[in-house]
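Some features that TrEMBL has for this protein:
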DOMAIN    26-265  domain 'G-protein coupled receptors family 1 profile'
TRANSMEM  12-35  transmembrane segment
TRANSMEM  47-70  transmembrane segment
TRANSMEM  82-103  transmembrane segment
TRANSMEM  123-145  transmembrane segment
TRANSMEM  171-192  transmembrane segment
TRANSMEM  212-232  transmembrane segment
TRANSMEM  244-268  transmembrane segment
Amino acid sequence: MLEWIHPLLIPMAFFYSFAALIGIIGNAIMIIVFFKFKNLRSPCHYLITLTCFADMCHVSGQIVFVTHLFSNSTSSQSNCFYMIFIPCMGLCLGSPLIMVMGIDRMICCQFPIFYRNVSSHPIIYTCLLLIFPFGCAFILMYIAYLEKDPNPENQVVYVIPVAMRNRSFEYFNYSGGIINVIIVILYGYTYFKLTSYSDTGGPKMRSVFKSILVTVIFVLFGWAITFIVNSISYKITSDPFISYIMQIYAGVSVNIALVCNVFVFYFINTDYRVCIKKLLHCSNAGDFESSDKMTIWNRNQEMVATK
């Protein structure tokens, strides 16, 4: 039974099946509460929702991988690229979206008056922030398109590292490592600025601290580990199958991060916890009090919801 599957891939197949199920449901809940509750309409909420949508697209690629693995199906690399194009886009958007969310949080903390003004046009402001993430994603996917394998005799399994082959996957990992460093700097600086206001920030300020800390931990132990392992997988071995196995296992950390989005926001962010409870018709949902409703002129006040 399943004799065609390498023993090292069997536990990964079950893990990715579970991750895909929970990741799609969890991120879908985050997207639904955004559209259902009009209180979640700040630029930060737009970015959070787009990040969850990108993560949902990314994790959906595991369904394709697991299905073809269990059915012992293969295809040409070119078909693999087209089949997993949307999950690859979600993959490429992940870290850049977290980075621009950090930029948004830094602007909110450092330049509150300016942030209040731009928040009056949230869609325009958000679109400007999205230029970089979508620019990175389209460039990487264009390189992957140029590098498609035209030989249909070279059969592969549907998986993201194979869909983005050679230079495109290397560029993705190198750029992701640089973006991760920028993310740590952005969130670290914002955290430092908030600690200087902690005497007047109260309990909700400390909640923001925890949100930022959890975000940085997930970024470091999710994306960073994946980027590092992927980057060295081609350097330490010339066997493509060993590189493939390393990349499959490297994806565990980032997929855990994708799955945990809804849980992180539910347990740490009051706004999302109330909205999710109302969505699920919980009797103890409580009243919504958006953290956007702050006196933004006062720099001692807290930021809006932070991932």
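For all residues, glycine too, the Cβ spot is worked out from N, Cα and C.
Sequence-distant contacts of the transmembrane segment (123-145) (same chain, six or more residues past either end, CB-CB distance under 8 Å): 43, 46-47, 50, 81, 85, 88-89, 92-93, 96-97, 99-100, 103-104, 163-165, 167-169, 171-172, 175. Remark: the transmembrane segment (47-70) contacts the transmembrane segment (244-268), by the rule of 3 or more CB pairs under 8 A. The transmembrane segment (171-192) makes no contact with the transmembrane segment (244-268): fewer than 3 of their CB pairs lie within 8 A, with pairs spaced 6 or more apart in sequence.
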